[in-house]
């Protein structure tokens with residue numbers, strides 16, 4: 001029962017037909033539904049009045065007593081017929097049935113005489129137009145051709161192929177075309193088979209390739225391909241898109257004709273016939289297109305629905321076919337006109353009726369048509385209306401609060417208010433279609449609603465409905481009000497330095513700016529209070545160059561968008577041209593006229609630079625020597641109280657001198673010469689943290705296995721930077737104590 005209204009629907013609809021001249025014709029139409037039902041017929045949209053030639057039978061079918069393609073008054077019984085059925089629920093219209101007269105023209109292609117050598121291929125063809133498609137048979141010497149002979153192939157389009165010709169195939173051929181309208185004979189053609197089978201090599205050649213065909217699903221397609229050559233070529237078929245042809249419903253007729261039975265849309269494509277020389281890659285090809293059409297059919301039927309007054313009714317009708325069908329909607333048999341509350345969407349697949357009322361109650365039909373056929377489906381809309389529903393809400397008012405907010409208020413209905421369970425506020429932009437409307441529900445005790453998130457400077461329409469458990473009231477009066485205007489948002493601003501006196505301000509157009517008339521640009525030196533500007537720029541401008549600037553100061557650039565409601569917030573950027581000037585000084589432009597003088601100056605500069613570099617190197621070496629010498633003196637004094645083993649001469653490096661901790665004789669020698677150092681001062685000048693000692697180049701800590709708490713300071717330095725001082729015995733201190741005993745105890749040498 002899909003696509004049918006239970007109150008009124010078709011059981012049998014008229015179908016396409018081919019009528020015979022002067023013969024009767026019956027078009028069937030059967031309807032079911034709630035009586036009484038009235039059936040009428042139309043031809044090409046015009047009502048058919050019962051007459052002697054055409055009248056309606058008791059079962060609703062149309063009877064044409066003597067079908068005539070052309071009558072004496074110039075009229076014709078050919079055309080598109082449909083039947084209409086009506087009862088008090090509505091009216092439905094059947095699909096259109098195309099009625100054509102059976103005809104047959106004269107042959108426009110006759111078979112031609114042919115002389116072919118033995119073993120070759122002969123082909124005869126005749127063509128004739130007719131409705132229905134004529135059946136063509138072949139006669140040889142006035143006797144029907146024996147179709148059991150596998151060398152004889154008859155194709156549906158009037159082609160006769162004879163392969164492997166023999167002498168007995170010679171004769172006179174003609175074709176006979178037959179349909180319900182007539183029988184016709186073609187002219188005769190003689191076939192002569194000459195000579196014996198030739199053994200001379202011939203390249204493969206396609207005599208006739210496939211022609212372009214347009215057929216309907218479930219029909220049969222025959223793609224012709226006949227080839228010659230010596231040796232006899234092998235004929236193969238493929239699709240140009242590379243998809244497989246398949247095997248179901250596929251058959252080869254004769255030596256290479258392709259027949260596809262029970263066509264589907266998937267069989268559409270370009271087919272390639274190839275004639276291949278056996279055992280080689282030598283081939284010849286021909287191609288033809290096959291287009292398979294499919295009549296319109298429904299994937300989703302519209303469904304009958306019941307809806308309360310004031311709500312929305314939606315019907316959906318989805319059809320498929322090849323080519324894609326066009327969808328038309330009817331209301332009680334008449335083409336449906338769209339309006340503010342009746343909308344068609346999704347290529348007419350969806351019918352929406354907003355704010356329905358009792359006048360919208362009807363039978364709605366969906367008609368799907370394409371070049372291969374048409375179909376229809378119907379559904380009924382029932383509008384529910386209950387007695388005692390509330391009257392419309394009263395005194396609807398809307399007041400603008402801000403650029404995005406409107407306050408809507410109303411008063412309760414005058415009648416039947418006890419069963420009200422709430423109100424629904426209907427909102428939409430005044431310029432939008434009805435289907436863009438949205439709703440907000442409000443409790444029954446609330447008589448105002450703050451509508452937010454609206455767009456600035458935009459008109460909105462509002463109306464209210466009161467709802468009960470049995471349905472909704474009629475809509476209140478519609479009120480329209482506009483939101484306040486709003487200044488534009490801040491634009492995005494970017495500054496680019498062009499040169500030492502020019503910067504470029506650029507900004508991006510954005511919908512977030514809202515409605516704006518243009519931009520204002522200001523700039524100033526940061527230490528000044530007065531701006532230069534405004535520079536007024538049109539709304540489509542997105543860049544501006546600021547020139548004649550002072551490279552020695554920082555500038556502030558300000559941009560804002562404005563409209564009739566005022567100036568928006570500004571975007572500020574700071575920019576300095578000093579770096580550009582410095583780069584220009586450091587990289588001056590080339591002055592080719594001064595090349596000779598520059599070359600002389602460059603030579604002098606190079607010589608001076610070399611002398612300066614050598615002097616620096618000498619000073620660095622001296623600094624390193626005196627630095628290491630001072631560190632050596634410190635190491636000798638801080639270890640006065642430690643017994644430091646002497647490193648054997650054999651362990652000294654061949655490339656450097658290994659100096660161990662100072663001996664007592666060294667210290668005594670310095671005491672005698674009045675050169676004892678202040679240890680506190682040495683510690684201040686030369687901090688003695690272990691990590692620093694280890695980080696100095698050329699210094700390594702060596703631990704004695706026999707004395708774990710006694711560490712020896714070892715410095716490895718190049719021989720050519722130091723002289724070796726031979727140790728001499730020193731006299732003892734007159735007070736009977738060594739100099740080390742007078743020095744304070746600073747701990748191990750590695751901590752000094």
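We number each residue from 1, going along the chain as drawn.
Each residue, glycine too, has its Cβ placed from N, Cα and C.
Per-residue confidence over the domain 'Ig-like' (8-100) averages out at a pLDDT of 92. The domain 'Ig-like' annotation in TrEMBL covers 8-100 (among others).
Taking DSSP states H, G and I as helix and E and B as strand, the domain 'Ig-like' (105-192) has 3 helix, 43 strand, 42 coil. Taken from TrEMBL, the feature domain 'Ig-like' applies to 105-192 (among others).
The helix, strand and coil residue counts that DSSP assigns across the domain 'Ig-like' (204-287) are 3 helix, 44 strand, 37 coil. Residues or ranges marked as domain 'Ig-like' by TrEMBL: 204-287 (among others).
What TrEMBL lists as domain 'Ig-like' is 295-382 (among others).
Taken from TrEMBL, the feature domain 'Fibronectin type-III' covers 392-486 (among others).
According to TrEMBL, the domain 'Fibronectin type-III' annotation covers 487-583 (among others). Within the domain 'Fibronectin type-III' (487-583), the DSSP-based counts of helix, strand and coil residues read 9 helix, 52 strand, 36 coil.
Annotation comment: TrEMBL describes 606-626 as transmembrane segment.
Summarising the annotation, TrEMBL assigns compositional bias 'Polar residues' to 643-657 (among others).
Among the features that TrEMBL reports, region 'Disordered' is placed at 643-752.
What TrEMBL records for 663-673 is compositional bias 'Basic and acidic residues'.
Annotated compositional bias 'Polar residues' per TrEMBL: 689-704 (among others), in sequence order.
The stretch in closest packing with the domain 'Ig-like' (295-382), judged by the count of Cβ pairs under 8 Å and taken from 8-100, 204-287, 392-486, 487-583, is 8-100.
Helix, strand and coil counts under DSSP for the domain 'Ig-like' (8-100) come to 0 helix, 46 strand, 47 coil. Across the domain 'Fibronectin type-III' (392-486), DSSP classifies residues as 3 helix, 46 strand, 46 coil.
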